[in-house]
Amino acid sequence: MIYGVLVGVILRFGVHVPASMSDVILNCAVNASPATLLVNVSGRFYEYTLKGEVSRGKGHQVQDDEMLRKVTFDPEVFFNILLPPIIFHAGYSLKRRHFFRNIGSILAYAFIGTVISCFVIGLIMYGIVSFMKVVGQLGGDFFFTDCLLFGAIVSATDPVTVLAIFNELKVDVDLYALLFGESVLNDAVAIVLSSSIVAYQPAGDNNHSFEAMAMLKSFGVFLGIFSGSFALGVVTGFMTALISFHLLSHNEHLQLVQGPLMFCSLTLRFAHVTKFTKLRDFPLLETALFFLMSWSTFLLAEACGFTGVVAVLFCGITQAHYTFNNLSPDSQDRTKQLFELLNFLAENFIFSYMGLTLFSFQSHVFNPMFIIGAFFAVFLGRAANIYPLSFLLNLGRKNKIKSNFQHVMMFAGLRGAMTFALSIRDTATYARQMMFSTTLLIVFFTVWICGGGTTPMLSLMSIPVGVDSDQDNSISAVLDGTQRSTKHESAWPFRIWYNFDHNYLKPLLTHSGPPPLFHAACLLWTAGPMPHQPAGL
């Protein structure tokens, strides 16, 4: 961030482009700003596409501002290139045991908490905007839907800095799982929620007033986009798991078909058989195909009208649970290192670009009253998410969420890459420009102050550190009881899911064998009758 700020200062104040006005027409008889212009020059038509307002000044300032505009990235670059590897890595590196042990609380914070935070911030900001209108401090239109959109944007927590410190200090595994799980799912929820608010359009003359049918439509859009993106990501993960199976050799097939109980033997070995590929023999191709299918999940979801970030998140979780176990050892190491590297590069680029945008963005609107109100609203929105939900969740949890954990979660709600990307995606109106400038300040403050104060906060709250959080998430974990302990520690919905996954999905999609009882029965069957039993038995 500091590096980006320094580069932005140099570009803004230290670099001037020589004026060349021969190709610039400063006056035009067009009163609007059409997206496309067709210009007739001596009988030939030329098409010009609107890039946005360059400058309100004249002379050399137009050239300088044009140079600054060129270093401003298209916001879609963030969503289509930089965010997918960040979100996929979050799902692919998930510590599933601790995540699923706290799945109920994580879902509550991510879904219910994000919606609560969105509406609390939106309502507070609407009150502040209304007061600004009364005192004449507002220079343009600012509707209630804009306030809700701002609430959705700044509700996206992205504690990259905090989680890096947590991982290094080996903080309590449950606290780590709660914060990590919330931040992962919270980003996806915030994206879909913001899209649903944008889709909210009351019937009539665009007066942005409240209307029940439009509200229900927006809620339906939220459910439809999220569920569709979730399903697409999971299905793509299943397909990759099937393709990554290891094909048996011809001799192994011959051994399987010998004997009177071919069906049971085939079933026991089915986890190692596929009709499709021998990818394990080509680790480089295996890694490349894994990468391309993961990225194509994002593009496919966007093409289908869903949210690519949600799809790629659940694709990463599915691939970590199933596909990873089918990969060759070389590909397992390569995929983890590849996505870790891409995640690191993308995050650093985004944070550097945040600093650059502080000085290179052309349409900043800094309103002190709005900024102070936004900080106050963000604080209250985070508090309304953490403390009431923690109280309700503790009523049903055996392992209570302690008050010091709640204080750290409150403090660690940073705003980062996702908040920045959502706010810069649309800066066409006065309201969106004010929201973007304020969001940028919120991101800077939370990353520097909250992120930098994480270690002192852990000491102040007496949070245990040095806890070994490395758990074996491989198939061997099922055999030594790790996954079974997870099942018994979790809520009943997860126990139902665990039984279905262990008995059906894992034998189908991975090299995991059938359930132990079935395995033992088949072994007894193939071993023949016991000496004291009749042969027919």
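Cβ coordinates come from backbone N, Cα and C, glycine included.
Over in TrEMBL, the protein carries these features:
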type	residues	note
DOMAIN	71-272	domain 'Cation/H+ exchanger transmembrane'
TRANSMEM	77-94	transmembrane segment
TRANSMEM	106-128	transmembrane segment
TRANSMEM	148-166	transmembrane segment
TRANSMEM	219-242	transmembrane segment
TRANSMEM	292-317	transmembrane segment
TRANSMEM	338-359	transmembrane segment
TRANSMEM	365-384	transmembrane segment
TRANSMEM	430-451	transmembrane segment
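Taking Cβ pairs closer than 8 Å, the transmembrane segment (106-128) reaches residues 99, 144, 147-152, 154-156, 177-178, 181-182, 184-186, 188-190, 193, 369-370, 373-374, 376-378, 380-382, 384-386, 388-389, 392-393 in its own chain, all 6 or more past its ends. The transmembrane segment (338-359) makes contact with the transmembrane segment (430-451), as judged by at least three Cβ pairs under 8 Å among residues 6 or more apart in sequence. When each of 77-94, 219-242, 292-317, 430-451 is checked for Cβ pairs under 8 Å to the transmembrane segment (148-166), 430-451 comes out on top. Distant neighbours of the transmembrane segment (77-94): 180-181, 183-184, 187-188, 294-295, 298-299, 302, 308-309, 312-317, 319-320, 324, 335-336, 339-340, 342-343, 346-347, 349-350, 417-418, 420-421, 424-425; these residues of the same chain sit at least 6 beyond its ends, with a Cβ under 8 Å from one of its Cβ atoms.
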